[in-house]
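Just passing along the structure, written as structure tokens.
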């Protein structure tokens, strides 16, 4: 069955050289899609001096559009002025599908809006969970309703995330696909020589912020150290709550039992993980936790809070869940310590290779793209009426925004016709045979 | 492995599971929506069902405070017109102080006379002395500003004060309570104090300034405490007090100006009748969603 090859544009504010869940997802997914024979182009904003067109491994072309990040790595929301550059990239690269990532990214919303105006098929992936009651979430959900009013298909990274997205945006559930993230098991291998079990090491690597449960750590670590004299903690990561952890260390005199590493660069995460036996994740909300996958791939037993999509991530014998309550977490850690002798890191790593695979994610995403292309391309008036359902006042506002966008596009077609924009030939790399490793070389 | 093997019965596909691992579940598409979709969602879990009469009775405390502020503005107007001279103003101040003390003594059973003397009386004496010493500063504060600006500023500050005032009385505390006031209630207190200073600076003599400042600050700073004590003591007393206050205010405003009387009356009707009805009408549209996607709430307090 010869599948049609797509030409995909991934667009998001979050990409390399930043490291994080969304960035890694886009990078690995793009690499696997390139291996499958599709063409992938990534569009993001400029990072410092890094502006213009760059090529990454496998011929992945990245457009660092010269806009400065405005707040929290997002570019400034300009609404209409981004239409010319997006249109130029879409025509130059002969794109067939536009894939936006992360509801928090303004560039993603703008690019999806312009792509829809120009009639391209649009897919959106949501990576986070949001609430419904605070002011920030209410506005974010309205913007999401606008973007998803006319999207071809949507992808969520876990079933809980699908429920959340469907409630926030009002999409029919059949339009939302659940395709989880995966982990590069070739990079996260367990240690060749296992650390001995005489001293049990618990590893924590996360940003030390409220959302990631740093306050729970402050309560849990002293209790565990008191109950189990042979347990040691390694805490990697930095953030506003680091001060509280240092204070806890001083107050209970745990300087030799709790090691604070500070911010750990992504390349060194594996070496920190393989020095431990148990991985502790205390976040208060997670759509999908890639850190848990990395830990399991390195052969660590995971203890985590039962929040969001975490219960769906690993089978029950590789993870121990606890309520986000210090007493319950201490009990869960005790159970993990007692389960530790039965855990074989290499067996766990081999299981992870079967359970999570980026190539599988790419194949499932390909099915979504095929489905998106089959969607009927309705004419403008039918599509515009969908925006009116977004709300009494907001619907009319969105309607007007789309009309202005359409008129601006028509003006651009007259002023800068599509025939004048040269289509660039594809870059063909010499074929790299049978290489499975996905290293980032720059 | 983690999938059910299909070898037991080829026609029956394995059950769909709410898991993310193991790739695509055999027999199901990725966009398969199970019957268990959204079964963890809880709607309107924390919504309070309101009763019209109770809401109207609760709104009486808002109109009571509106009347108190109206009375203060009335006294300001009469003082600026020199209808009330400074001696009568001082008498009003002293009588208000005594009345306030009596109410506190009457309504707080736990407070004995000695605590009252030590805690309240001493502080208030220091306060009065400080005010008297600083009165000359207030008198010359706004000499270079025109009267129109002063009236406009005072009105806007009073509107801000009314808007941001903490009507739930969570900031008023008996001695010993440990509650941090919210930002908006601090802003409202400051707005009322600044408005009082502006009005006081328009008066001719030092004694005038002292008397009007004492009166305004008495009402704005201690008024909420007194009304809170009355309300806590007996709801019927609170209701009688509020209604009599409303009647008194309305009659005084009527004597001053007819249009203002109509405005005040319509405002009181709006607050007491229209707003409760409106609130209960729109409560039907309340839609609160909770579920497994919510951020977990910490059950312990974070002490820094």
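These residue numbers are counts, starting from 1, taken along the chain as shown.
Cβ atoms here come from the backbone N, Cα and C positions, even for glycine.
Straight from TrEMBL, here's the annotation block:
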TRANSMEM  B:55-77  transmembrane segment
TRANSMEM  B:89-107  transmembrane segment
TRANSMEM  B:119-138  transmembrane segment
TRANSMEM  B:150-168  transmembrane segment
TRANSMEM  B:207-230  transmembrane segment
TRANSMEM  B:237-254  transmembrane segment
TRANSMEM  B:260-280  transmembrane segment
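Could you place the listed features in the three-dimensional structure?
Beyond the transmembrane segment (B:89-107), the same-chain residues lying 6 or more positions past its ends with a Cβ under 8 Å from any Cβ of the stretch are 75, 79, 113, 116, 120-121, 124, 207-208, 211-212, 214-215, 218-219, 222, 225-226, 229-230, 232-233.
Same-chain residues lying 6 or more positions outside the transmembrane segment (B:150-168) and placing a CB less than 8 Å from one of its CB atoms are 61-62, 65-66, 69, 73, 142, 181-182, 184-185, 187-189, 191-192, 194-195, 198-199, 201-202, 220.
Residues 61, 64-65, 68, 71-72, 75-76, 79, 86, 89-90, 92-93, 96-97, 100, 103-104, 107-108, 127-128, 131-132, 135-136, 138-139, 161, 169, 171-172, 189, 192-193, 195-197, 199-201, 237-238, 241 of the same chain lie 6+ residues outside the transmembrane segment (B:207-230) yet bring a C-beta within less than 8 angstroms of a C-beta in it.
Distant neighbours of the transmembrane segment (B:260-280): 50, 52, 55-56, 59-60, 62-63, 66-67, 70, 246, 249-250, 253-254; these residues of the same chain sit at least 6 beyond its ends, with a Cβ under 8 Å from one of its Cβ atoms.
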